[in-house]
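S.K.: Quick paste from TrEMBL:
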type	residues	note
BINDING	ASP31, ASP80, ASP214	Mg(2+) 3 binding site
BINDING	ASP31, THR49, ASP80	Mg(2+) 4 binding site
BINDING	ASP51, ASP80	Mg(2+) 2 binding site
BINDING	ASP51, ASN128	Mg(2+) 1 binding site
BINDING	HIS58, GLU270, PHE314	substrate binding site
BINDING	GLY127, ASN128, ARG151, SER216	ATP binding site
BINDING	ASP217	Mg(2+) 5 binding site
DOMAIN	29-144	domain 'PurM-like N-terminal'
DOMAIN	155-267	domain 'PurM-like C-terminal'
Amino acid sequence: MRSGEFATILRLKERFRSDNAAGILLGIGDDAAVLEHVAAKASHKLVWTIDEQVEKTHFRRDLAGWIDIGWRSFMAAASDLAAMGAEPWCALSALSLPADFEDEDLDALARGQQAAALRLGTSIVGGNLTRGEVVTVTTTLLGTAEKPMLRNAAQAGDGIWVAGRVGLAAAGLFALERRLHDDRLDGVKEAWLRPWARIGEGRHAAGRAKALVDVSDGLAQDVGHIAEASGVRAVFDEGALREHAKRTGLDSIGELVLVDPLELMLAGGEDYALAAASEVPLEGFWRAGTFVEGQGVALKRTTGRERELFELGFDHFRSRM
Ligand SMILES: Nc1ncnc2c1ncn2[C@@H]1O[C@H](COP(=O)(O)OP(=O)(O)OP(=O)(O)O)[C@@H](O)[C@H]1O
Ligand SMILES: Cc1ncc(C[n+]2csc(CCOP(=O)(O)O)c2C)c(N)n1
Ligand SMILES: [Mg+2]
């Protein structure tokens, strides 16, 4: 069954209760949401992001449930706030839905979004609905940060520090796409279906680290953004990456899916880990390499040789991973 537009908005209003975030004067139901500007402390800056997830580009309905799709689209958007060292305040959600999209599917999608919002202590205070050929989920998030973390202040000698696991989500997507059924792959499927935005680690890095990004497109590409913006070279340490693969079980998963764990970590996206440039160790982060003088991104092999990493990772307008 498919309700009309206004009945659908009422369903969403029920679902997205906006009593979770402070300073929301008006949530869903009017032409726009109204926020109390003093809810952001005077010492804090506002940080604002938008992220769109498109069916067949970011998800397929035969690979993920609508709850998963709602969850991961919200977490992907929130991860950009984490990457700024910001804390989410409130969100807007715009959906494009095909005419045959069922009410129960919309309920599941909204449940996933709402669960993610709740877990991050934020609320969806409005949005938009339109009919479209495919499902798209667009999420804007407004957040606050005392000291927003940019990409451009890494220096030679800083470590590359990572919060969270990398390479697992790409292995999970690989396993889902190839319909690999093996209990040992449940963890990596979950990593792709239910990522977490690392808000806490981002806030910890803010003020301690020099630069921060989130890893949506693979370690090489996203740490490359810091290198490029800061005018330094990023050198990953093969030993550190292999150690991480061992710790997370990615090394044995790599054998199961016949993909080199190093490739999964450097080129596989959507884990939404954070990567920082920092002179000092950061709590909850592991060291993946070093920024040095120069440019580009490289992998230092255990033999000591450096391999340049060109054009690795996801790019919407190039080929896939
Ligand atoms: N259509 C657009 N109009 C204006 N600015 C844009 C547009 N698309 C991207 N940007 C800006 O370009 C910068 C990089 O955007 P991008 O989407 O690549 O972010 P990212 O964090 O690197 O990737 P991800 O989407 O995986 O989070 C951001 O500052 C973003 O606001
Ligand atoms: C069906 C399907 N095929 C491929 C992928 C892989 N993928 C899509 S977008 C992206 C980078 C992050 O997106 P963005 O850069 O827009 O934030 C990656 C790794 C997927 N998730 N689903
Ligand atoms: Mg980002």
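Even glycines carry a Cβ here, placed using N, Cα and C.
Any TrEMBL annotation is an automated prediction that lacks curation.
Help me picture these features in the structure, burial and contacts included.
M.R.: Under 8 Å, Cβ to Cβ, and six or more positions away along its own chain, ASP80 (Mg(2+) 3 binding site) finds THR49, ASP51, LEU141, ASP214.
Here ASP31 (Mg(2+) 3 binding site) comes close to no residue that lies at least six apart in sequence on the same chain with a C-beta under 8 angstroms from its C-beta. DSSP assigns ASP31 (Mg(2+) 3 binding site) to coil in the three-state reduction, placing it in neither a helix nor a strand.
In sequence order, LEU92, ALA94, LEU95 constitute the residues six or more apart from ASN128 (Mg(2+) 1 binding site) in its chain with CB-CB distances below 8 Å. DSSP assigns ASN128 (Mg(2+) 1 binding site) to a strand segment in the three-state reduction.
Here the Cβ of PHE314 (substrate binding site) has 18 other Cβ atoms within 10 Å, regardless of which shown protein chain they belong to.
ARG151 (ATP binding site): 20 other CB atoms within 10 A of its CB, across all protein chains.
Under DSSP, ASP217 (Mg(2+) 5 binding site) is assigned to coil, being neither helix nor strand in the three-state scheme. ASP217 (Mg(2+) 5 binding site): 21 other CB atoms within 10 A of its CB, across all protein chains.
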S.K.: When you measure from each Cβ to the nearest atom of ligand 3, which of the binding-site residues ASP51, HIS58, ASP217, GLU270 fall under 6 angstroms?
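M.R.: Passing the 6 Å Cβ check against ligand 3: none.
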S.K.: Checking proximity to ligand 1 here: which binding-site residues out of ASP80, ARG151, SER216 have their Cβ closer than 6 Å to it?
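M.R.: Passing the 6 Å Cβ check against ligand 1: ASP80, SER216.
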S.K.: Far apart in sequence but close in space: which same-chain residues, 6 or more away, have a Cβ under 8 Å from HIS58 (substrate binding site)?
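M.R.: Correct list: SER73, ALA76.
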S.K.: What's the number of neighbouring CB atoms sitting within 10 A of the CB on GLU270 (substrate binding site)?
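M.R.: Its Cβ has 24 other Cβ atoms within 10 Å.
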S.K.: Do any of GLY127, ARG151, SER216 (binding-site residues) have a CA within 10 A of GLU270 (substrate binding site), and if so which?
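M.R.: SER216, listed in sequence order.
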S.K.: Of the binding-site residues ASP31, THR49, HIS58, ASP80, SER216, GLU270, which ones put their CB under 6 Å from ligand 2?
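M.R.: HIS58, SER216, GLU270, by Cβ distance under 6 Å.
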S.K.: Counting each residue once, how many in the domain 'PurM-like C-terminal' (155-267) are helix, strand and coil under DSSP?
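M.R.: Across the domain 'PurM-like C-terminal' (155-267), DSSP assigns the residues as follows: 66 helix, 15 strand, 32 coil.
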